[in-house]
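**Q** My structure is below; once you've seen it, I'll send some questions.
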Amino acid sequence: MTDAQTIQRLRHIGWRDQDLPGEGRRLARVVAQHRAGYELHDGGQVFSAQPAGHFLKRGLDPAERPAVGDFVEIEPGKPPHIQIVQPRRTVLSRAAAGERYERQVIATNIDYVLVLTGLDGDFNPARIERYLSLVEGSGAQPVVVLSKPDLNEGVENRIAELKMRLPEGTPIHAINGKDPASASVLAVYLKPGDSAVLVGSSGAGKSTLTNTLLGSQHMAIGDVRGHDSRGRHTTTYRALLQLPSGGCLIDTPGMRELKLTGEENLDLFADIDALAENCRFADCGHGSEPGCAIQEALHDGELTPERWRNYLKLRDEREEQANLLESRLRRQRGGRPTVKPHGPRGSRDREGW
Ligand SMILES: Nc1nc2c(ncn2[C@@H]2O[C@H](COP(=O)(O)OP(=O)(O)OP(=O)(O)O)[C@@H](O)[C@H]2O)c(=O)[nH]1
Ligand SMILES: [Zn+2]
């Protein structure tokens, strides 16, 4: 079942000679996750699968469940079932706050995260920093890609500004996404067996660059795009693209959530922020201050203690990340103080994420 040809195919989609699957099992890569199950790619085709029962147990750390990018061992059947998640070489994750606080895996086994920003009105160094802090600790390498240099002036200044701000050694490339020769500098991040994801705001040029990288394997627009009910186009299929350079690009709705956390204030706790606006003191610590709206809400049950704890946890985590990034940036600037890359408090600093 896992003959040399199969292994070759798997390597093309990023497999790195992890363990061979057990007798009677197949290997495939998770390319999408839906409510109804998973979509897998085996280097040749895409098919659906279900997680085995042990992945659905209550109390299982969600990070142990199959995620986009995973190489999984599957037991054939109708439908096939995912039995084992192979060890991950990188894990992109973020704090997810909902009913319970947890870490949410966004994608695994990604080698490079290409952070795409237009050199036009889209240009925003602070946002690029937020992306980088999300990639930090994942094991993946961030690469800053600036599109539309052909349409804008002052490109050199912007690159210089970024070099000052970003961690030393972060690759920065300005490329015209429409021009294959220009985009070819990215080939070093898309070598055979490597996996990359492309993130960036709407209009930054992700689709344009993807198509240029695909070259003659150019997708017909209808192939990639559909329209959802609101008329915005979204990627509907081909979650894993094998590039002529030998690498692959993963592009799934799950990855688009990376875009969300990178750019928007999550507003997960908008209710708490709204409550806090009513505290008597603007700098209320929500402890024993008189007139604290949070304590009041806790007291009369409007706010559950659990939700409040989750909020504090998430806030602390964000604060820690912000501080880490800040101290590193400061070191790089030779100890000069910097403006915090993102504010620690959600309620009074809408730039926080
Ligand atoms: N001149 C020039 N135009 C570009 C470049 N990159 C993208 N564009 C144009 O910018 C527009 C937006 O590009 P898209 O590729 O659709 O952007 P996207 O990031 O995929 O946007 P969403 O699909 O909304 O997420 C298109 O009109 C592209 O032709 C570039 O490097 N140079
Ligand atoms: Zn308060």
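Residue 1 is the first one shown; counting continues down the chain.
Each residue, glycine too, has its Cβ placed from N, Cα and C.
Features from TrEMBL:
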- Ser147, Lys148, Pro149, Asp150, Gly200, Ser201, Ser202, Gly203, Ala204, Gly205, Lys206, Ser207, Thr208: GTP binding site (BINDING)
- Cys279, Cys284, His286, Cys292: Zn(2+) binding site (BINDING)
- 99-258: domain 'CP-type G' (DOMAIN)
- 108-256: domain 'EngC GTPase' (DOMAIN)
- 328-353: region 'Disordered' (REGION)
**Q** Could you check the binding-site residues Ser147, Ser202, Thr208 and say which one's CB has the most other CB atoms within 10 Å?
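**A** The most densely surrounded of these binding-site residues is Ser147.
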**Q** So what's the mean pLDDT when you look at the domain 'CP-type G' (99-258)?
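**A** That region's mean pLDDT is 80.
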**Q** Ligand 2 is in the model; which of the binding-site residues Pro149, Lys206, Cys292 have a C-beta less than 6 angstroms from one of its atoms?
**A** Cys292
**Q** Given the binding-site residues Pro149, Gly200, which one has the fewest other C-beta atoms within 10 angstroms of its C-beta?
**A** Pro149
**Q** Have a look at the binding-site residues (Lys206, His286) and report the one with the fewest Cβ neighbours inside 10 Å.
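**A** So among Lys206, His286, the binding-site residues given, the one with the fewest Cβ atoms within 10 Å is His286.
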**Q** Please name the residue among the binding-site residues Ala204, Cys284, Cys292 whose C-beta has the most neighbouring C-beta atoms within 10 angstroms.
**A** Ala204
**Q** Listed binding-site residues: Ser147, Ser202, Ala204, Lys206, His286, Cys292. Which have a CB under 6 angstroms from an atom of ligand 1?
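**A** Only Ser147, Ser202, Ala204, Lys206 qualify.
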**Q** Relative to the Cα of His286 (Zn(2+) binding site), which of the binding-site residues Pro149, Ala204, Lys206, Thr208 has the closest Cα?
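**A** That would be Ala204, the closest of Pro149, Ala204, Lys206, Thr208 to His286 (Zn(2+) binding site).
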**Q** Give me the CA-CA distance between Cys284 (Zn(2+) binding site) and Gly200 (GTP binding site), in Å, as a whole number.
**A** 36
**Q** Using Cα coordinates, what distance in whole Å links Lys206 (GTP binding site) and Cys279 (Zn(2+) binding site)?
**A** 44
**Q** So the record assigns Ser147, Lys148, Pro149, Asp150, Gly200, Ser201, Ser202, Gly203, Ala204, Gly205, Lys206, Ser207, Thr208 to GTP. If I measure every Cα pair among those residues, what is the longest distance in angstrom, as a whole number?
**A** 19
**Q** If the Zn(2+) site is taken as the center of the Cβ atoms of Cys279, Cys284, His286, Cys292, which further residues of that chain fall within 8 Å of it by their Cβ?
**A** Ala276, Arg280, Phe281, Gly285, Gly287, Glu289, Gly291, Ala293, Ile294, Gln295
